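As structure tokens, the structure follows; a few thoughts come after it.
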Amino acid sequence: MAVGKNKRLSKGKKGLKKRTQDPFSRKDEYSVKAPSTFAVRDVGKTLVNRTTGLKNANDSLKGRIFEVSLADLQNDEDHAFRKVKLRVDEVQGKNCLTNFHGLDFTSDKLRSLVRKWQTLIEANVTVKTTDDYLLRLFAIAFTKRRPNQIKKTTYARSSQIRAIRKKITEIIQREASTRTLAQLTKLIPEVIGREIDKSTHGIYPLQNVHIRKVKLLKSPKFDLGALLALHGESSTDDKGQKVEREFKEQVLESV
């Protein structure tokens, strides 16, 4: 047996083990607030590195996009398949004020809608709201059987598909171009779909008519006052107003 040093045993510590710092100790927690158009305002919490030197925490938060289920925002499980995107536009204190950034369907809902023996009709429309938001709305609809129909299939002719698509485009243009973004977000989930269904019934009966996606293409110049109004707040100094209302000047009747 060869006599020698066991390298593994004789190996000593070259240096002390580095002390690892918890990365969360350098972070702050901010609350994410949804616009007042939704029933539930508290979306959740988000983490960001504290302001150090030239790196401002507010700059890191602005522009963040959160995807939230519409069921959580409206306290209604019927909207569970809709996902709303909210973008942080302003940070006030520990609150992140968000604005609507888009809407989408869950993939499982979309897959469940597509079936055999029916025609899928899709349309997309680019519209501008009254407050200068440029949006692209994607509509989806499916044909259904007429009352007392014996035939298994419900295929629409090309001329009927074109007529339905034209009707969808007209309705979306009319509803979106005369409203603000906040008003439009209330209509998108159900109202526009029902309006399309009712208007196209004479061409071909439809089912599962939805605005499946909303894409924000362009936003107007940032306006803090408009964002605060959307969140039910005011950019004016409330303290000054309260003092004016409470204070009553005493008028002396006699000197």
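Placed from the backbone N, Cα and C atoms, the Cβ positions cover glycine too.
The feature compositional bias 'Basic residues' is assigned by Swiss-Prot to 1-18.
Same-chain residues lying 6 or more positions outside the compositional bias 'Basic and acidic residues' (19-28) and placing a CB less than 8 Å from one of its CB atoms are 47-50, 57, 94. Positions annotated as compositional bias 'Basic and acidic residues' by Swiss-Prot: 19-28.
What Swiss-Prot records for Ala2 is N-acetylalanine.
Among the features that Swiss-Prot reports, region 'Disordered' is placed at 1-28.
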Which residue counts does DSSP yield for the compositional bias 'Basic and acidic residues' (19-28) in the helix, strand and coil classes, in that order?
4 helix, 2 strand, 4 coil
